[in-house]
């Protein structure tokens, strides 16, 4: 009922009819927001949630489907084994060793069967190939003892069995290869540098603010470990769909974002958290993008931090991303570094915190155009008869009035005022009586 009354009142106000008196509603009903079709039309449509190209933890959200040339994975078997999940790695690790032991155990049992050791094992004077090998189980145990070099001493190969000696050499060589491959896979999988990337932090948000009269895009990185990343470098990519002039649609087009490649600022000494800054200049993809335009854009910024792990020397890579909704306009990062007695302390509680700052809402191109006019004003003021102080607010980017025209208007007003003063002075001098007449009176 309350909704019908309010809709009727809005309809009467639109057509110019005096609204009828509406019965006063309770407070909880008056304060409750009532949505109508008209309010849905006026309200701005909310942005649809976008799918990430790279997750916040660095995982790429891309799945490869319909891969027909699966044989390529077996051409690089070592990398394939390393990339497997842990449960599959443990299963393959156990399966390879068990199959290897069973295979050579079967060969030892087959030699004993062909030589007749299984039938004449209890006869005196019979020299078997392997002593105390009288069944497949004992052959399997001898295979394990041989490959793992346990050597209990109960089952021993004799010198009158050349085929057994050859098999012993083959098993020792192949066993060493299997050990090297499987232990190497497990070692590489355990010491993978992506585990080191878990202690590299990226700020949850990226910010845009003014630094030294230049618009900058900034985000923060940090390292939680005392063992540092050697030769650390950082780069960034802008992921955005693009349509060429010929009409070709390029989904997820990648554009480089310069964060100090020319000046060497992309090479980091990551001892304490650092704020990475991208200057929005003519070569930046954000050069002509204002605050209102950025709210309408859909993009993703992928940041990649690379370096060598100091403990192992292996290359480590950490990744993160920022959607367009995670880029805050007009904010800066809260400082986290403080000076204590004899050392610097980093407060990671404020690592992701930002605070609002006064930032123009215009694009970096418009801000640069306004700032190019400012240095000319002090030189022009020296030509005027009286010194003038020129103030220019770089945040007033939407002002269309030319500062030079304002100075000319002020000069004209000052000159006209001086002319009016001289004219009034002459007129007063004509009306004033002569000094001699005044003395004689």
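Yeah, the Cβs are placed from backbone N, Cα and C, and that goes for glycine too.
Segment annotation: TrEMBL labels transmembrane segment over residues 165-188 (candidates 117-140, 141-164, 165-188, 189-212). Ranges compared are 88-111, 232-255, 256-279, and TrEMBL records transmembrane segment for 88-111.
Residue counts for the domain 'Potassium channel inwardly rectifying transmembrane' (54-193) under DSSP, split into helix (H, G, I), strand (E, B) and coil, are 84 helix, 4 strand, 52 coil.
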